[in-house]
Amino acid sequence: MSDDAEKPVSRSRFEREKRARQEAEALLESKSRELFLANEELLSHQNSLEEIVEDRTAKLQAALEKAQAASEMRSRFLATMSHEIRTPLGGLIGMINLLRMEEDDSRKIELLDYATASGTALKRIVNDVLDFSKMEAGAFQFHKEAVDIRALTASVLAMAIANSTKDGLTFRQSISDTVPNLFSGDATRIRQVLSNLISNATRYSSEGLIEVRATAEHFDNGSLLRVEVEDQGVGIAPDEKQHLFKDFSQVQNKLTAAAQGTGLGLAISKRIIEGCGGTIGVESRFGKGSVFWFELPVEIVTGTSVEELPQIPEIKDIEALLKGAKVLLAEDNKINQKLIMTFLDRMGLDADLAENGRIAVEKFEPGKYDIILMDVAMPEMDGLQATRAIRDTWAADQIPPILALTAHVMETIEDESRSVGIDRVLNKPIGFQDLRMGIAEALRGRNRSYRRTAKPRDEEQATVLKLMSKDIAEGLVLAMDAREINALVSDFLDDGTRLLRAIRTGWKKKDFETVSADAHSLKGASGLLGFKDLSECASIVEDNADVLDAEDFAEVTDIIADQIKMIRSEVAS
Amino acid sequence: MKGVVFVELLSMAESAFGEATVDNVLDEADLDNGGAFTAVGNYPCDHLIKLVEGFSEKSGASPEALQQKFGFWMLDFFEKGYSDFFVGKENSFDMLEAIDTEIHVEVLKLYPEAELPSFTTERFGDSQFEMVYSSPRPLVEFCQGLIEACIERFKETATIERTAVPNQPNNTRFLITLTS
């Protein structure tokens, strides 16, 4: 080969190689040009595409803005209209209520009862249409809160009994033990559906029993709640069943010859239940009666205290509860002032009027009132601002329950009210019974803690409190005596010991999922009682069950065990 | 025809007969490009035939034998330059099937104007394989060489039976039967 490399190349071979190279170079150049041109074309194509995209985006953006503006306008219109319609309607119904109370002439009483019935029907229609519009506008929201279905059913039934004019009807509530004491759900919406079903049952039957039943079975991570409302009324023909839950549909029969309502009630109920992830349905025999039911998957709330929820008072207790209670009413509308002050007076309450939010703030002093009723829309200072001012000035335990009265229906009002510390929102127009029930519930719910704060007890305190975080300990002291607190903590300790054992066994078996779940329970329960260190350790186990090594795991669980031991020794002492 | 074929043919001839013989043949062939070939160019197929004939005259080997030898040379060239095509091929049948279904597909992506021959194939059981070569170019022997090289590459032995297809002068049928 080295010889070959030394050898000179012939002229003809050299020329050929040169020519081949030139040809290759020419080819390369023409290909480069082709490539360049193709690139240019691509670039211009890309630019024009970008222009088109920009143009389309701008058009879409404009369309979107227009749609948003329109939707916003619709929402505002809805809010305004609901306010404008409900306020005078409330005045109207209220005044008729007052007249009825003062009237002795049975002929006029009959007329006034008709007027009340019409007014109430109109109120229901307005509410239905507003709910329906909200659903159509997509502005219908669901909240999560602790729901006590027993109390809720009792209260809805109490209202139904109070409003029922049919003597032949009897009402019964039967809630199975399988139903959890508290579960998380939207109490307002569940109440709405239940009210609707019970009101239908009342409307479509003239005599017999109306029974509300509730059962629950295990489902996923919680329970499947089933609620049934059974009546012995007119029933539903099979061919009418399919239209029952449709918008604006109504079953015609002799009992409702004078058509009442909008036919939206069941359609709204269906949307609510389905919005909460449940199902609704009916079984019926024509002429024999119907069972309307709904099923909701619910998460059980493992609260230790039912105290958080307003207790629903029995009708007979209400009078005693309200008698002499001191109320501050903040309301600017003259008609409403007259109406609600008269209502409060009839309820046996000792009412004081503030013409707007500012005056209410000035009038308020701890211990002076048992409850505050706050209109939302007022001049100078509205109800939300006034509530905030009171909450900012005084400590939580010095402030009685504050109920907002509003004719607004938009969800934002409820949210804002909650955020400033309003305990409950009552919707105007509010009738005598609704207001009475609302006040009674608030008074009953808060009464133990509030009244106790008014005259703090100096009896002995549970020593275990010092192991709890301050806010939780304070809350417990307000609601329970030492014996009750110790009992509560003992229950927790039994549960905690069991969970710790399960966590250790689970970890040995490498069943980290169960370990995490048990640690989660322990974290929740200890957090609820303010045992911070314990809760944090449980949280570490929950989050890291599968990554902790044996030594770390032993250390964390030992701390948990020590904490439990320490708490137990305090309870024992 | 792609220039790479010419460049490889000349390269094979140089290794077999030496530079002087190649220069001689190129001069005598009197080609319109003066015998200057580049791998990236395109040249008429008859140039290839003329060159093969020229080498045949100089060496005494038949043009058919030279074409077959070139088939072996090219398979080697393909394997060195385009080894990806050999990945996952377990035997000669796999490889021969891939000419139309994979290799030519890739070639056409780079050279949309390339005029490629077609190779339709059919298997008869595990050991028999039919391949019909279809091309207006007189390169049947080159094809035969490629097939033989392919069988050898996969360490197989086989008989190759070659028949013309009646009334289809551009088509040639190869029936390959494995003997081991």
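Glycine is treated like the rest: Cβ placed from N, Cα and C.
As stated in TrEMBL, the feature coiled coil covers range A:14-41 out of the listed A:14-41, A:406-433, A:490-517. Mapped onto three states, the DSSP output places A:His520 (phosphohistidine) in helix. If you take the C-beta of A:Asp375 (4-aspartylphosphate) and look for same-chain residues 6 or more apart in sequence within under 8 angstroms, you find A:Ala330, A:Glu331, A:Asp332, A:Asn333, A:Asn336, A:Gly383, A:Ala404, A:Leu405, A:Thr406. Taking all protein chains in view, 16 other C-beta atoms sit within 10 angstroms of the C-beta of A:His520 (phosphohistidine). Residues belonging to the domain 'HPt' (A:481-573) score a mean pLDDT of 85 in the model.
Helix, strand and coil counts under DSSP for the domain 'HPt' (A:481-573) come to 80 helix, 0 strand, 13 coil.
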